[in-house]
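**Q** The structure is given below, and queries will be raised subsequently.
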Amino acid sequence: MIESAIEALFIVLDPSRLVYMFIGIGIGVVVGLLPGLSGTVGMSLMLPFVFGLDPYVGMALLIGMIAVIHTGDTFPSILLGIPGTSGSQATIMDGFPLAKRGEASRAMGAAFFCSMIGGVIGGIALYLTIPFARPLITSFSSPELFMLTMLGLSMAGLLAGKSPLKGIISGILGLLIGSVGSAPAVPEYRYTFDTLYLTQGVSLPVVAMAIFAFPIIITMLTNKGSVANHATLQSGILKGVMDALKNKFLVFRSAVIGVLIGFIPGLGGSVVDWIAYGAGQKTVKNNHFGKGDIRGVIAPESANNAKEGGSLVPTLLFGIPGSGTTAILLGGLTLMGLEAGPKMLTTDLSVTLSIVWTLVFANVFGALLCMILVRPISKISFVPGEKIVPFLLVLLVIGAYQSTMSWGDLIIFVMIGLLGYVMTILDWPRPPLLIGFVLALPAERYYWISIERYGWEWITNPIVIFLAVIIVVLLSGGAIMKRFSKDYEQGGIN
Amino acid sequence: MNKDYLNLIFSGFLFILFTLAIIEALTFSKLAQFFPLYISIAGSVLTLIYLITEVYKLYKQKVKEGEQIKISLLAPLRYIGWILGYLVLIYIGGLMLATAIFLILFLILESRMNFIHTGISIIAVLIGISLLSSALDIYWPTNLLGL
C-alpha cells in the first residue's frame, strides 16, 4: 500500500499532470468565489473536456477543482456576506461581521489556513479508508452492487430538501432519461424516435451542464446587481493563521466532523458547515459566535474542505454519489474509462491514490494561492453577473458540442436546460435527476444480472438485507441531521 | 405568473411525459421493457399523487386567501432568447463569427460595457477558443456557410 502510494506520488508530480492540477485549482478558486456558481456547475463545465483524457490527467483537473472550491468560496462569504457556494453559508455568520470591522484579511487568513489543514485531513482519511474498504468491496457481486445503486438512488430523497416526493419524481425522471438509447439486456433501442443521435443515449456532460449551468446563467442575468460592494481589505492574513494555530483542536475536531459527514452520502455541502459551526459553538468556551468571533470562521472552514475527502469514499469505492458534484465526478470516471467500485481498489488503485495526493496538494496550493493573491482575486467577486455570463455561455456551448460533435448535443442542451430552469424556479431539486441519470444503466444491468443468475433468492442475501437497512437508517438519520443544521441556519445562533 | 399554477402546469407536464413513456415502453420487447416500464409507472403514479395534493393545497390556500408568489417570465424569456439567438448564429455563420457578433451585442446592450473593454474581451475570447481548440483537439459546430 505504501509502495503504491509512493508510485502514485511520482505519477501526480509528473509536470504535464501538475499543469492540469493547477488549471483545476485556478478554475476551482474562480468557481468558488463567484456567487451563484457551485461545484456542480464547475464540474459540469469541465466534464466535456476530460473525455478520453489519461485518467491521471483528468482526475488532476477534476479533483484539483473540487478540492479548492470551498477555499475560493470564502471570498464572497467574508467580503460580501454572500455564500460563494452552499458550503460556506456558516462562514458568513462571523466572517462578514469581521470584514465589517475591517478584519477581512484576518478572517480570510484563518479561513484559508483551516481550509488547507481540513483538506489535508480529508485526503488522509480517504487514504486510511482504502485498506478497510478493499476486502469488503471486492467480495461484492451483482445483487450487492444493485443494492449499492439503490443506496445511491435513495439519495434522491435526501437531496430533495423540503419535499422528498419532488426529489423522488426528479430521480425517476433522471432514470427515464438514462434509459434512452440501447437496452443493456437485449439489442434494442428505446425512446429514440427514429433519430440516429439518440441511439447512443443522452450524453452525460450535456445533461450535467444543462441541468446545473443553464439555469444558473439565466438566474445570474435576471438577478443582476445583487452583488454589493462594501468590504475593504487590510493586512492581517498572518494574524488569521496564528488564530487558527491557537485553536488547533477546534480545527482538528471540525475537520473530523467534515470527514464523517462526507462519508454519509446525501448530506454534504449545505449541511457540513452548519453542523461544524453548531458543534464549535457548543464546545468553545467564552465564545461570541455570530458577532465576529474568528472561531466561528475556523470551525466551518476546517470542515467544508475536509468533507471532500470523506465524500470521495462512497463515490469512488461504492459508486454512491452523495451530491450533484460527486454524481458528475462519477460520470467523469466513466468518460475516462474508469468504473467506480471494486476496480478502484484493485486494477485502478494507482488512480485512487493519485486522487488522494491531488486532494492534498490542491488544498495546499489552493490555500497558498488564495493567501498570496488575496487582493486581485477578491476583485473578481465584485464583477456583476451580466459581465460573466456571456463568456460562460460560450464555454458551455463549446463544451456541450464536444460530447458527440452533433447538433443534437446543443438541442438537448437547450431542452434539458429549460427543464432545469423551470425546476429551479419552482423549487424542484435537480441533483436527484442527475443521480438517477448516472445510475440508470448500472441499476438496470445489475438488476437484470441478479435476476438471471439468482432468480429472487438474492433478496435473502445477508449483505443485501444489511444494505437495505443502511438505506433506511441513512434516510432517517440524514433527515435528523438536516433538521439539526436547519436549527442553526434559521436563527439558532444566540 | 402565479408560482403555484406554474407548478401545477409543470407537474401536469411530467405526468403526461411519464404516461407517454409507459405507452411507448409497452411496444418494447420483454427484456428491454421492464426497466423503463416500471420507472414510468412509478413516475406517473407519484406525479399524480403530487398533483392531487398540490391541487388540494391550492384549494385550501384560496379559501384562506393566502399570499401568492408571482414569477416573472418576461426577463428569463428575454435571456433564453439571447441563448437561442446565439445558437442560430452559430448554425448560420459558425462558432467564431457567431461568438464575435453575440459578444459585441450582449456586452454592449445588456452588460453596458464600453467599446474598448468589449473589443479587448472579444479578442481575448477568440484567441482563447483557438488555443483551447488546438490544445485539446476541440471540434466546432458545423454551420450553413461552412466557415
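Using N, Cα and C of the backbone, Cβ positions are placed for all residues, glycine too.
When I checked TrEMBL for this same protein, it listed these features:
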- A:18-434: domain 'DUF112' (DOMAIN)
- A:18-37: transmembrane segment (TRANSMEM)
- A:49-69: transmembrane segment (TRANSMEM)
- A:110-133: transmembrane segment (TRANSMEM)
- A:145-161: transmembrane segment (TRANSMEM)
- A:167-186: transmembrane segment (TRANSMEM)
- A:198-218: transmembrane segment (TRANSMEM)
- A:250-276: transmembrane segment (TRANSMEM)
- A:312-335: transmembrane segment (TRANSMEM)
- A:355-376: transmembrane segment (TRANSMEM)
- A:388-404: transmembrane segment (TRANSMEM)
- A:410-426: transmembrane segment (TRANSMEM)
- A:463-481: transmembrane segment (TRANSMEM)
**Q** Counting only residues 6 or more past its boundaries, what in the same chain has a CB within less than 8 Å of a CB in the transmembrane segment (A:388-404)?
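**A** Here the qualifying positions are 34, 45, 47-49, 51, 197, 200, 203-206, 209-210, 213-214, 217, 220-221, 410, 413.
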**Q** Kindly state the mean pLDDT of the domain 'DUF112' (A:18-434) in the predicted structure.
**A** 80
**Q** Count, for each of A:198-218, A:312-335, A:355-376, A:410-426, the Cβ pairs lying under 8 Å from the transmembrane segment (A:49-69), and report the range with the highest count.
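**A** Between the candidates A:198-218, A:312-335, A:355-376, A:410-426, the best contact partner of the transmembrane segment (A:49-69) is A:355-376.
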**Q** Using a cut-off of under 8 Å between C-beta atoms, tell me which stretch among A:167-186, A:198-218, A:312-335, A:355-376, A:410-426 contacts the transmembrane segment (A:110-133) the most.
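**A** Stretch with maximum Cβ contacts: A:355-376.
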